[in-house]
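Let me begin by presenting the structure, written as structure tokens, before commenting on it.
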Amino acid sequence: MTASIVLKAQSVLDLHTGRSIPHIGFGTGGLGAGTEDAVKHAFKSGYRLVDSGQRYGNEADVGRAIAASSVPRSELFVITKYCPPFAPSDPILSAPEVLQTVRDSLEKLFPKEQQANDETRYIDLMMIHHCWPNQEARENAWEGLMLAKEEGLVKDIGVSNFGISHLERLPPPVPVVNQIEMHPFCQQREVVAYCQARGILISAYSPTAHFLEEKIGNPIIVKLCEKHKRTAGHILLRWSLQKGFIPIPRSSNPGRIEDNIDLFSFELTADDMDAIDSLNEGAAGHITPVDPANLPE
């Protein structure tokens, strides 16, 4: 995607299944007791994609925020994630058992007793949260998600923290999204190229590099902040958008929530993008302990 593409808060990207997904979302991992209020404020600020997960323990909080929102269900895009076991010694769920966890997630997000219309009771995108612990677990998880899609519980299915080797061994169908750590210092170019060649969109978690001073204080970022009269968060998130990724910033601070979506009144030039691209540190750029290239096959 080039800097000449006009983007707006309502911009969407096409999934290879024919549906569309908002170009920016709101992450909820780690928000704890503040999740419900944060998601409510995110909706008021213009976000239409909300990203949850079984491991976060906040699906019910997200569900309450959805129920309290005046935004039509058709305009929202709700993501959650099935969390497989981490250790090979932990019990590996069968596909039907995975399916049951999806049913449980749906009930937390859209309680049946509060949702009179079954047509609005669905998860837009269900992902496998990570590739641990082995191939058997991934295959069972993927089959469980396929069953959930067949049952109408979810519209699309995807993965998170999958490297090329994991994607290569995943049975059909092709995931619609791979959510990975993605920011200028950790660009995961091989994984991105593999996914893009197969129509798999990249969702970017940690897109602002956790606002670490050693990252946002980089001279190139500082110079671009001065040039565009924008914050480092704006520069990093705008870069992600113009690369064609789906950034998922998170915050419990109302001002930061609003600031993170205030990205559509400026553009980065081709030279700006090239300068930011040069910041890639490869594997050394990871700020989370997850490097898909080094995870178990």
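The backbone N, Cα and C atoms fix where each Cβ goes, glycine too.
TrEMBL annotations: computationally assigned, not manually curated.
Worth saying up front: this structure is predicted, and the values here are computed from it rather than measured.
The active site, proton donor annotation in TrEMBL covers Tyr56. Positions annotated as substrate binding site by TrEMBL: His129. If you look up TrEMBL, you'll see 24-281 marked as domain 'NADP-dependent oxidoreductase'. Taken from TrEMBL, the feature site 'Lowers pKa of active site Tyr' covers Lys81.
Here the features listed in TrEMBL are painted onto the structure.
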{"residue": "Tyr56", "record": "active site, proton donor", "CB count, 10 Å": "21"}
{"residue": "Lys81", "record": "site 'Lowers pKa of active site Tyr'", "CB count, 10 Å": "25"}
{"residue": "His129", "record": "substrate binding site", "CB count, 10 Å": "20"}
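In the three-state DSSP classification, His129 (substrate binding site) falls within coil. Secondary structure from DSSP puts Lys81 (site 'Lowers pKa of active site Tyr') in a beta strand. Here the Cα atom of His129 (substrate binding site) is found 5 Å from that of Lys81 (site 'Lowers pKa of active site Tyr'). Taken as a whole, the domain 'NADP-dependent oxidoreductase' (24-281) shows an average pLDDT of 97 in this prediction.
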